[in-house]
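Peer 1: Before anything else, here's the structure in question.
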Amino acid sequence: MHQSHIVFLFGILGNIASFVCFLAPLPTFYRVCKKKSTEGFQAIPYIAALFSAMLWIFYAYVKTGAILLITINAFGCMIETIYLAIFITYCPKKIRMSTLRMIILVNIGGCCAIVLLIHLLAKGDGRVKILGWICVVFSTSVFAAPLSIIRVVIRTKSVEFLPFPLSLLLTISAVMWLLYGVTLKDIYVTLPNIVGLTFGTIQMILYALYRKNKPVKDQKLPEHEGDNKNEEKQEEMNSYNRDIEIGDKKQENQEEKPNIVQDQTELNNNKTNNIGERVNCEV
């Protein structure tokens, strides 16, 4: 088989695998639409995915001859934009404003700045090299995102928060794009997918080790750690308020005690006076 046919084959397989991966969050956003609440989910992963897809489209455009990178990342831009639109619609107002600021800063401002700098500071192959390394750095950081899940799995010795189908799909996708990069002799496509394959393999190994362990109760994903912190703060405030109430009751009791003592003293004095009067009468 001719090399170009092999490149095309791996590119098609990579498109299929990435297409399924891009659709993986659909159940989550279906639930968001149904409940009309983002339920503590964060927009950062989707902003990062959109930025990554935009970078790879620009890289494929500058490089030329990498049409299969454009097709899948164009779809990625579309689906991530839909996800973000749903998130902005149903998230709280404060989070909505911060999310919009982040989208403007990263996805619009960041991409425009990169496009402008690439055209002004580099020419010819230099543009491909600079943009390629930018894509490598950002894609590697995105592939490193599962580190938080890996940490949770190791700490809890449970795969409750490790979605095996998605991890498997991401690993397959990394393998396909790695082979695509190798056959195309494109180091910028190859390097981040080596990282992706490494982390995917680690997740598969962890799943094999801990798949029979029981789920850990009352354990949340890292993206919900903010909820745990809020709950802890609320509990501290409740405890503080209880302490204040107890202190107020103690103070009231202490204020009541002198009155009781005073009343008791008056009673004793009255008793003494009555006894004295009785003695005087008897005398």
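Each position is counted from 1, following the chain as shown.
Here the Cβ of each residue, glycine as well, is placed from N, Cα and C on the backbone.
TrEMBL does not curate its annotations; it predicts them automatically.
Annotations per TrEMBL:
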type	residues	note
COMPBIAS	218-258	compositional bias 'Basic and acidic residues'
COMPBIAS	261-275	compositional bias 'Polar residues'
REGION	218-283	region 'Disordered'
TRANSMEM	6-29	transmembrane segment
TRANSMEM	41-61	transmembrane segment
TRANSMEM	67-90	transmembrane segment
TRANSMEM	102-122	transmembrane segment
TRANSMEM	128-154	transmembrane segment
TRANSMEM	161-181	transmembrane segment
TRANSMEM	187-210	transmembrane segment
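Where in this structure would I find these features, and how exposed are they?
Peer 2: Within the same chain, residues 41, 46, 68-69, 71-72, 75-76, 79-80, 83, 86-87, 166, 169-170, 172-173, 176-177, 179-180, 183-184 sit at least 6 positions outside the transmembrane segment (6-29) and bring their C-beta atoms closer than 8 Å to a C-beta of that stretch.
Taking Cβ pairs closer than 8 Å, the transmembrane segment (41-61) reaches residues 25, 28, 32, 67, 69-70, 73-74, 76-77, 80-81, 83-84, 87-88, 91, 95, 99, 102-103, 106-107, 110-111, 114-115, 118, 128, 131-132, 134-135, 138-139, 142, 145, 188, 223 in its own chain, all 6 or more past its ends.
Within the same chain, residues 43-44, 47, 50-51, 54-55, 58, 62, 84, 129-131, 134 sit at least 6 positions outside the transmembrane segment (102-122) and bring their C-beta atoms closer than 8 Å to a C-beta of that stretch.
Long-range contacts of the transmembrane segment (128-154) within the same chain, counting only residues at least 6 positions beyond its ends with a Cβ under 8 Å from a Cβ of the stretch, are 45, 48-49, 51-52, 55-56, 58-59, 62-63, 114, 118, 121-122, 161-162, 167, 174, 186-188, 191-193, 195-196, 199, 202-203, 206, 210, 219, 221-222.
With a threshold of 8 Å between CB atoms, the same-chain residues lying at least 6 positions outside the transmembrane segment (161-181) that come near it are 7, 10-11, 13-14, 17-18, 20-21, 24, 68, 143, 146, 149, 152-153, 187-191, 193-194, 196-197, 200-201, 203-204, 206-207, 211, 219, 221.
Within the same chain, residues 59, 69, 132-133, 135-136, 139-140, 142-144, 146-147, 149-150, 153-154, 157-159, 162, 164, 167-168, 170-171, 173-175, 177-178, 180-181 sit at least 6 positions outside the transmembrane segment (187-210) and bring their C-beta atoms closer than 8 Å to a C-beta of that stretch.
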